[in-house]
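Colleague: To start, I am sharing the structure in question, which I have written as structure tokens.
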Amino acid sequence: MKNRVTVPEIIASKGKRKLSELTAYDYPTALWADQSGIDMLLVGDSLAMVVLGHDDTLSVGMTEMLHHTSAVARGAKRALVIGDMPFMSYQVSVEEALYNAGLFLKEAKAQAVKLEGGRRVAPQVKAMVEAGIPVQGHLGLTPQSSAQFGGFKIQGKTAEAAKILIEDAQILAEAGCFSIVLEGIPSNVAAMVTEAIPVPTIGIGAGPDCDGQVLVIHDVLGLYDRFVPKFVKKYAQLGLTIKEALTKYREEVENGTFPGPEHEFGMAELEAKKLSGLEDKK
């Protein structure tokens, strides 16, 4: 078993090797991803959609996020575990943001947190980093702000918007972010951001020039039954495999072939005779 991936190692990887990041929401998934050598596991607020069935990421709070982050932390022995700060857990004040971020490390045993936004959250990032809490930033298509964007729309498509995005990345890096997720932005803009900051960029729908990539594990494995973004590559169709297995289970229960003799527990012959005798005396 390799040692835990650390924040300094993530930062030092820039320009040397590509980083892999995936979401995870429970113990077994974290275990499998960890054994696959994934560098970072993000307990994303996408939990709301792909695990709990909500229509957006706004429907989870600190209680759910801490609960699932704890499960992932128990399964991941090598990967860096990052807790995603849910909507309104860091926007109200720097003090509240710092307190909630601390809960991810103290109670849920994560090694870092992630939050969305540019310069407006720089004070929160700075306070967290000064308190010893590593922070991953998130720019571009930030799902918690989808209502403001008018839906899940690509960001940074104009020269002015791209300029602001690059500046935001620089501000976040200066505030102390150890990496920054770039979601749903043009590839050339992502390349410019990557060149402009000293910490790794992690792309999701941001092209091949980022320092690493992140995807939602349910999308990767074909486990989500709703819309899958263009930038997703499905590496398996486990949803269909699960459906086939469960259909076979139901059929075998109905036709009596499960459980078979190999699934039964027996009783010693002498004890069986005693039991039969006891029944006969009734």
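Glycine too: its Cβ is placed from the backbone N, Cα and C atoms.
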Colleague: Figure out which of Glu9, Glu116, Glu130 sits with Asp45, Asp84 in the Mg(2+) site per Swiss-Prot.
Modeller: Glu116
Colleague: Between Lys114 (3-methyl-2-oxobutanoate binding site) and Asp45 (Mg(2+) binding site), what is the CA-CA distance rounded to a whole number of Å?
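Modeller: Answer for this pair: 10 Å between alpha carbons.
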Colleague: Spatially, and counting Cα to Cα, which of the binding-site residues is closest to Glu183 (active site, proton acceptor)? Options: Ser46, Asp84, Glu116.
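Modeller: The answer is Glu116.
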Colleague: Just report the maximum Cα pair distance in Å for the recorded 3-methyl-2-oxobutanoate binders Asp45, Ser46, Asp84, Lys114, no decimals.
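Modeller: It comes out at 13 Å between the most distant Cα atoms.
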Colleague: Roughly how many Å lie between the Cα atoms of Asp84 (Mg(2+) binding site) and Ser46 (3-methyl-2-oxobutanoate binding site), rounded to a whole value?
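Modeller: Counting only the Cα atoms, the answer is 9 Å.
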